[in-house]
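> Okay, here's the structure, questions in a sec.
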Amino acid sequence: MKKTCVVSVFLVLLLLKFHDLSMGEEISPLKKVARREDNLVLSCAEFPCPEGYICDTASQKCRPGTD
């Protein structure tokens with residue numbers, strides 16, 4: 001019984017994944033990384049800002065942008 005439930009849940013998840021792929025809703029690892037970078041908040045005093053970010057002097061936090 002327990003094995004049947006586990007297999008059923010696995011099959012449902014597998015079907016949902018194929019549905020997402022057919023609808024073009026696949027979330028690639030690159031999209032996940034991009035979303036995390038959007039929320040990147042680093043202190044300029046402690047760390048240099050990564051490429052593509054500048055230090056906001058008022059808040060002392062890195063923000064997307066260029067000089």
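Cβ coordinates are placed from backbone N, Cα and C, and glycine is handled just like the others.
Below, the features straight out of Swiss-Prot:
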type	residues	note
DISULFID	CYS44-CYS55	disulfide bond
DISULFID	CYS49-CYS62	disulfide bond
SIGNAL	1-24	signal peptide
> Under DSSP, is CYS55 (disulfide bond) part of a helix or a strand, or is it coil?
strand
> Taking the Cβ of CYS62 (disulfide bond) as the centre, count every other Cβ atom within 10 Å, in any protein chain shown.
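That number is 20.
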